[in-house]
Amino acid sequence: MAELSFYVGVIVVYMINAGNVISVLLFLSPVETFWKIVKRRSTEKYECLPYICTLMGSSLWTYYGIVTPGEYLVSTVNGFGVLAESIYVLIFLFFVPKPKFLKTVALVLALNVIFPVITIVGTRTAFGYAKTRSNSMGFICAALNIIMYGSPLSAIKTVVTTRSVKYMPFLLSFFLFLNGAIWAVYALLLHDVFLLVPNGMGFVLGTIQLLIYAFYRNAKPNIVDEEEALAPSQPLLS
């Protein structure tokens, strides 16, 4: 029994390290997409929601790691995520087509400024005990994780109408899938249902995204729909 516990402990440590590495790779996965955006000087039909949702989740996970004893790794990894996602969102705002600019700014203000401030102030005001505040923030962050995992699905309409995966970044979906899988296994080993639910959902949603990508990867693009989808962005291209 002691030997089994030792091996389980080794696996848990390995899963933590692997999970942290994959989380960093997840935050870095959009680099190629944003390099294309900068080169073309337009966001074209790329969706901003995945990056806005990831920034929101990373911000609150960083706060959770700061106020929860023993969770410094959560704050450091997600602190890096806040930095990376902030850069992506700023680039998106700089190159988004004018008709979508105000809508995108409103979304950023609502999800990356107003919601985190209300959540932090609300939990600090409503709960007197530090442990209760930490637990409530953990519940909120777990719910946000599910939203983050599903956010790339916002590109599905474009994928289906154009029959092209051009605007569904593969690396983002792939690392969301891996991140969900690693942390779900880790949660199973520790019997942590609060960690298991969002990451288990992340694994499922990541799998759906990869299946959609595989289905349309070699499909013949609907050129008419793709041209119509790109039409609003053309004036901004050099």
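The first residue you see is number 1, and the count goes up from there.
Here the Cβ of each residue, glycine as well, is placed from N, Cα and C on the backbone.
Caution: TrEMBL annotation is automatic and unverified by curators.
Feature annotation from TrEMBL assigns transmembrane segment to 6-28 (among others).
The transmembrane segment feature in TrEMBL is assigned to 48-66 (among others).
Summarising the annotation, TrEMBL assigns transmembrane segment to 72-95 (among others). Remote same-chain partners of the transmembrane segment (72-95), defined as residues 6 or more beyond its termini with a Cβ less than 8 Å from a stretch Cβ, comprise 16, 20, 23-24, 26-28, 30, 34, 37-38, 41-43, 46, 48, 51-52, 54-55, 57-59, 61-66, 101, 104-105, 108, 112, 236.
Here the transmembrane segment (107-130) has long-range neighbours at 48-49, 52-53, 55-56, 59-60, 63, 67, 89, 93, 136-137, 140, meaning same-chain residues at least 6 beyond its ends whose C-beta is under 8 angstroms from one of its own. Taken from TrEMBL, the feature transmembrane segment applies to 107-130 (among others).
For 136-156 (among others), the entry in TrEMBL reads transmembrane segment.
Counting residues 6+ beyond its ends, the transmembrane segment (168-189) has Cβ neighbours under 8 Å at 8, 11-12, 15-16, 18-19, 22-23, 25-26, 29-30, 32-33, 46, 50, 148-149, 152, 155-156, 158-159, 195-196, 199-207, 209-210, 212-213, 216 in the same chain. Annotation source TrEMBL lists transmembrane segment at 168-189 (among others).
Outside the transmembrane segment (195-216) by six or more residues, the chain places 142-143, 145-146, 148-150, 152-153, 156, 159-160, 163-165, 168, 170, 173-174, 176-181, 183-184, 186-188 with a CB less than 8 A from a CB of the stretch. Look at TrEMBL and you will find 195-216 (among others) tagged as transmembrane segment.
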Long-range neighbours of the transmembrane segment (136-156), counting only residues six or more past its ends (CB under 8 A): 46-47, 49-50, 52-54, 56-57, 60-61, 63-64, 67-68, 119, 123, 126-127, 167-169, 172-173, 176, 180, 194-195, 197-199, 201-202, 205-206, 208-209, 212
